[in-house]
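Lifted from Swiss-Prot, the feature list:
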type	residues	note
DOMAIN	142-456	domain 'Kinesin motor'
BINDING	G223, Q224, S225, R226, S227, G228, K229, T230	ATP binding site
COILED	466-507	coiled coil
COILED	540-595	coiled coil
COMPBIAS	592-611	compositional bias 'Polar residues'
COMPBIAS	660-677	compositional bias 'Polar residues'
COMPBIAS	855-867	compositional bias 'Low complexity'
Amino acid sequence: MADTRGRWAWDVPGFEPPQPVVGAAAGMPLAPPTAMPRAPPTAMVARAAGADGAVVPVADRLDQLADSVQLAREDCLELRQEASDLLEYSNAKLGRVTRYLGFLADRTRKLDQAALETEARITPLIHEKKRLFNDLLTLKGNVKVFCRSRPLFEDEGSSVVEFPDDFTIRVNTGDESLTNPKKDYEFDRVYGPHIGQGELFHDVQPLVQSALDGYNVAIFAYGQSRSGKTHTLEGSSHDRGLYLRSFEELFDLSNSDTTSTSHFNFYITACELYNDQVRDLLSDSISPVPKVRMGVQESFVELVQEKVENPLEFSNSLKAALENRSANSLKVMVSHLIVTIHIHYRNYVTGEHLYSKLSLVDLPASECLLEEDANRDNVTDFLHVSKSLSALGDALASLSAKKEPVLSGNSRITQILADSLGSSSKTLLIVHVSPSASNLSRTLSTLSFSARAKNAELSLGNRDTIKKWKDVANDSRKELHDKEKEVLDLRQEVLGLKLSLKEANDQCTLLFNEVQKAWRVSSTLQADLKSENLMLAEKHRIEKEQNNQLRDQISRLLEVEQEQKIKMHERDLTIQSLQAKLKSIESQLNEALNSSDARSTIGSESASVISTPKMMESTADSSSVTKRLEEELAKRDALIEKLHEENEKLFDRLTEKSGLGSSPQAPSPSNKQTNAQGRDIGRSDSTKSQSSDVFPLPVSQDKAGNSGAIVKSSNELTKTTPAGEYLTSALMDFDPNQFEGVAAIADGANKLLMLPYFHCHRDYNETPPISDWCMVLAAVIKAGAAREHEILAEIRDAVFSFIRKMEPRKVMDTMLVSRVKILYIRSLLARSPELQSIKVSPVERFLEKSHTSRSRSSSRGSSPGRSPVHHHHDHGSRTSLIDEHVHGFKVNIKPERKSKFSSIVLKLRGIEEETWRQHVTGGKLREITEEAKAFAIGNKALAALFVHTPAGELQRQIRAWLAENFEFLSVTGGDVAGASGQLELLSTAIMDGWMAGLGTARPPSTDALGQLLSEYTKRVYTSQLHHLKDIAGTLATEVADDPAHVSKLRSALESVDHKRRKIMQQMRTDTVLLTKEEGGSPIRNPPTAAEDARLASLISLDNIIKQVKEVMRQSSARPLRKSKKKALLESLDDLLAQMPSLLDVDHPCAQKQIMEARKVVESLQEDPDEPATDLNSNTLGESEVSQWNVLQFNTGTSAPFIIKCGANSSCELVIKADQKIQEPKGDEIIRVVPKPSVLAEMSFEEIKGVFEELPEAISLLALARTADGTRARYSRLYRTLANKVPALKDIVAEMEKGGVFKDVRS
């Protein structure tokens, strides 16, 4: 039984174990089935077109959509089946748990009943045990006298006392005239000098046990000075006295007797009796504590009682009482010290309540009875001591003789301890004697007093009587032992039942937790199923819409495909006809070559003359086809050129201000020249002078107006657009793994990166072609500059995350990346005046003329040639961000050398000289572009030049430098090879190379423009933080004059702190800033300790001002009682005590507000506190209360108590109820309820008199057995009623702070 008692099992009556799930592995716990992971239906959405733009067939798209819908339906059915299985599993488990809980509830009820029955059987036995134990002590005598002798001191000589046995002390009187000079004194117990404190307390312990059983016990320590009285009671640090040993024994016995239905409480009182005047030794406590009455009704004293929970608290309280005792040794010798331990026992089942006390009294020195040489100063003290000790001796003698009544009215000590001297009380007198011969007279006097108290003769007494009572005591002891054994057995049985009950409760708790878990799992699954159904329905709706859109798109694509097929068919026919003509021409040519050699020269010339028109005709036909193809290419180039022109306009609109226009730019060369140079020069064929996407720097703005500009992150944007959301989603969801080949990835990434430039208010399902980008660009330009800034800010994080993600693949167009980053840097410059003062190096510092002649191969192999150019920055009003040395880009151009030999070779090869010149120029331009690109990689100084210099101005400066350093380019020419054309081509090649290099990343960091953007952004953040630091520092030193100024300063500092935290949060989430691993540097946050301290001080000052206003509001209420005025002044004093928590700058304002309020309160006239008069005149009219709130108190009777409460104009609690409960339909009375502080100093009878003026329900609800209990109940009732009245809630809170509502037990 003991082995299985602590285990939890299912095998109980009426409970079936859970059945395992079919297919589950043996030994595995029962768990709800889990579904296999499944791909979302949207994973089967049709993929985009490939790199060549081919369209997926319509049938395949529809089949994929049908498969997606089918998968969604299957997922929905699986989820529904899982939810059904889990619901069935939960219901089955809940049913089993419910049945088992019912069984446990029945078992718990039976165990409770058994425990009550056992308690009922034990209680009479415990009472019988206590009675028998008390009878045993009574048989031994209600008054016991012990005698104790201290050891001899070194200077006291020989001893005059002997100890024949444990009950007799023999004193050598030294009187030679007597036959036997030795006298014997018999006591209940005699202790020699060798007896310690422990053995003494062993005989005192039965009296302590009797005190715990409910009987009053008094222990007196009597004897001459320096005989050991104080040592017996107090002891030493290593050998405790009766004070501590008695309480420790009480504490241990109470712990062993305490059950779940009973409880012991201990209190201590200590007083000093001097000249019949009582002084409380524990009354120095500042906080109000409960008091207890001691003594007879005619002459009682009220002493402070302190509750002690353990021996340590008792020791501290006793130590405090002894320290408060008089320090005058003579006064201590003639005073009584009374230490009382009050014992309260309560049984919550039977309702039994017992009260007893254990009093330990340190009596004055016994020589006070013999002092004959008392002077005038202490004769009064000795007279009072003599009277007190004589009366105590008479009382003890009367008790020993079993005479009634006890003479308790003769002295103050007997009046205070009247309930401990007589009746069933137990009294112990411990007599202390000195063994020295010099103290013989005092020893004999002490022994004579104790013999008189014991009522014993100076003989051995009647041995027969003693033997008889000893036999009776032995019988009682044996009977007591049997009863104790029976009680012990019953207690063991109760402990076993309690253990079983605890185990049952633990099982109930476990099952209840299992039930809660099952309910949570069931509710979670139902919620998940519901959300899954909603999500599937939404997906189905979206797929349906997408299906409709795809159908419309497919229909349009079919039309376009049909048109393209027709055009392709026409083109095929044209090609076939041209091929036929070409074949005929070739055949004619072969015939001409195979003709006879004998023909004459004239015939040959005539044949060639005749064939020339035919070849010209066929050549004209092929040239027409070529011309058509060139026209289409020209249209495409013109479209791209228009696109870049519109792009340049977009850049200009982002930064241009009123009165500032863009710099003039050189016109671009013709398409003919571009096509002649070939397609290898990339994007320079159509852009020329517009090759770099840069725009003029705006004029400096007002610093005051833009000092608070903040670089906002994407999550801080307040306004979004549907198209911006689409672009963000497209950039973040771009997956390079969906493309086949690097070319396809590059094409998709570059097209996607161009979307931010051509953003309009419509959504794209696929990447739009270049023709659509032009229309988009026009729409963006039409939207205005403000809208463009919003669009840039909206997609900022997505753009830079996309660029960072694609940088390692090296597939993006670096010129396009440069344009994007320059766009964002200039947008930042337009909003940040602190960046507009940055000075950059001129373009001449980045160009250097090569002085060495080297071949093209050597130039390509060692390019770019760089030489350091040292220069000094201007440290004037403008600042420089790029402080590194600027290196020059070496331009290696040689003049063209014309030779007749090369012209002859070209003519022999059939190549026109102009065509060859264009070919050579294109190769040289490509070489310069590559060198310029390599030079620009990671060059932040060059990046700053591009950002801060307009595009047209930068290209003009490059052309001017080329014309100045290469004089052979300055010759005027009218064709493409002329100076003007060459300067334009060279400057464009350098610009394109630099632009491409600035957008090329250099791992592990990013490209030069990205590094520059990171540094600019950090500078903006740092400027904003320092600006907020300056504002906060100014506010922190400003002196507050009045409450409005305090509130304004606090609000301003909180606003600045909020902005600073917001900026720090933006810095942590900004994707532009480079991390430490990427080469970025951290931003230091300026210290804000002083500002934080001032803000905390202002918050405290604001709270103090609010409390001052509350005091002023309460002081305006009439009438103003004296107690309320005192409470208000104390509240102001508390506020003055809170001033050290403020800074020195806030002290004047706080002190001014408090002192003004104090003057107002002190100047008010108060009404005296007259509770009786107020209660007699507290009848009001119902019209004075604007609103009544009804409360119903259910007390277990047939009719509940109904009380209506409200507030009058003086903010006092007013109630309306029946005057008598027995007459519920009688007249209702209206009374003002006094505050709990009114009853603080009233007696119990006075409180009853106050309640007689109120409705009877108040008396029944608040009246207790004692005054303290009544005050505690009334405080809770008053708080309950006042909390129901809205107008009194603030007053109730103030009363709680003032400690008016305080339980007596606390």
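Backbone N, Cα and C atoms are what each Cβ position is placed from, and that goes for glycine too.
Quantities reported herein were computed from a predicted structural model and do not represent experimental measurements.
Confidence across the coiled coil (540-595), taken as the mean pLDDT and rounded to a whole number, stands at 83. Counted over every protein chain shown, other Cβ atoms within 10 Å are most numerous around K229 among the binding-site residues R226, K229. It is G228, among the binding-site residues G223, G228, whose Cβ has the fewest other Cβ atoms within 10 Å in the structure shown. The Cβ of Q224 (ATP binding site) lies under 8 Å from the Cβ of A365, S366, E367, H432, V433, S434, N439, R442, T443, T446, each on the same chain and at least six residues away in sequence. The highest number of surrounding Cβ atoms within 10 Å, among the binding-site residues S225, S227, is found at S227. Same-chain residues that are not part of G223, Q224, S225, R226, S227, G228, K229, T230 yet have a Cβ within 8 Å of the Cβ center of the ATP site turn out to be R150, A365, H432, S434. A C-beta separation below 8 Å, combined with a sequence spacing of at least six in one chain, links T230 (ATP binding site) to A221, D362.
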